[in-house]
Amino acid sequence: MADAYVAIEGDRVIEARARAPGTARGELVFTTAYTGYEESLTDPSYEEQVLTFSYPLIGNYGVREERFESDRVHPRAAVAREMTDDVAEWLESEGIPAVDHLDTRDIVTEIRDEGAMKCGIAAGPDVTEQDALDELHECKHMSDHTDIGAQVSVDDVEVHNEGGDGATVALVDCGAKGSITESLVERDAEVHVFPYDTSEDDVAAVDPDLLFISNGPGDPENFEQAGELVETYVGDVPLAGICLGQQVVANALGGETEKMEFGHRGVNQPVRDLRSNQVVMTTQNHGYTVADPGDKLDVTQVNVNDDTPEGLENDDLNIITRQYHPEANPGPHDSLGFFDDVLGMAGE
Ligand SMILES: NC(=O)CC[C@H](N)C(=O)O
């Protein structure tokens, strides 16, 4: 007998097995990544989402803290065809409901047909279908999480590699993955990690060589303060952005973003560079996209599958942004050179 339920839009309820107990709600999305579950589950960009793994076996190489991208699990719940005890115990210890023994192909097909959707989850010996439906009915649209930045950002400024020989980077933490800071520090940068709503004065005080807007969860239009920093610094200081960072930069410079149907989440998304015509494989996790880059930014890279913008640049204003995740945690490593390019703009 089922001891877990996943309720999706249209009030359809799918039976499952409880692997970590509890109730939760969020935007139901899927990743096609076949490795990297530790990184995905700790990626702050999954805040307020329920993550379904399309790869059928999750957890087969254990759980190791050194692979985590932040200090907690961010999806509200996890769904897999088969989840190992290691992962189930980790999620339980974090208070994150998890379910398996359901047909994840069905869920993925539903999301591909209908788009990312609201869902409710209830798992554990005493739960009912109605508990999952109640969660579903309480679920908000992703764009209505207007203060999502506060849920994932640092509260106070953190400095990494103080006194480093390289560039001084102001990294605006909209929910930054740890490996972005690591990628900059490995290249000798002194990285000042600022809260998502930091003031211009705080950033000015460190006299940055590069303003870097991080990845993050939810709708980029809910990150107005980061956009204001972009407007302040454009032309004076080189600008870089990853994922939500690309979207915030585009919105601030006269462009527009929109919600995608079901987004890109996985580790084999092909991206073509329009200048070199080279294709690289990339790691992705996004549900919004730049619909119009505005007149200050050129689209320099596109997704081979659907032509959406993957890279925006302005050589005169020193701006480089990427929709995918060049820090490559999990991999592939094809696009790590992004960090050399943006630090190059900063004079390194
Ligand atoms: N990884 C990210 O930064 C995601 C950006 C944004 N939240 C989106 O879903 O499109």
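Placed from the backbone N, Cα and C atoms, the Cβ positions cover glycine too.
Curation plays no part in TrEMBL annotations; they are all automatic predictions.
Binding of L-glutamine is attributed by TrEMBL to Gly216, Gly218, Leu244, Gln247, Asn285, Gly287, Tyr288, and within the candidate set Ser45, Ser54 the record adds Ser45 to that site. Remark: Gly287 (L-glutamine binding site) has Glu27, Val29, Ala116, Met142, Lys259, Met260, Phe262, Gly263 as non-local neighbours, by Cβ distance under 8 Å and separation of at least 6 in sequence. Taking the centre of the Cβ atoms of Ser45, Gly216, Gly218, Leu244, Gln247, Asn285, Gly287, Tyr288 as the L-glutamine site, the nearby residues of that chain (Cβ within 8 Å, site residues left out) are Asn215, Pro217, Asp219, Pro220, Cys243, His286. Listed recorded positions: Gly218, Cys243, Asn285, Tyr288, His325, Glu327. Those with a CB atom under 6 Å from ligand 1: Gly218, Cys243, Asn285, Tyr288. Note: the Cα of Gly218 (L-glutamine binding site) and the Cα of Glu327 (active site) are spaced 20 Å from each other.
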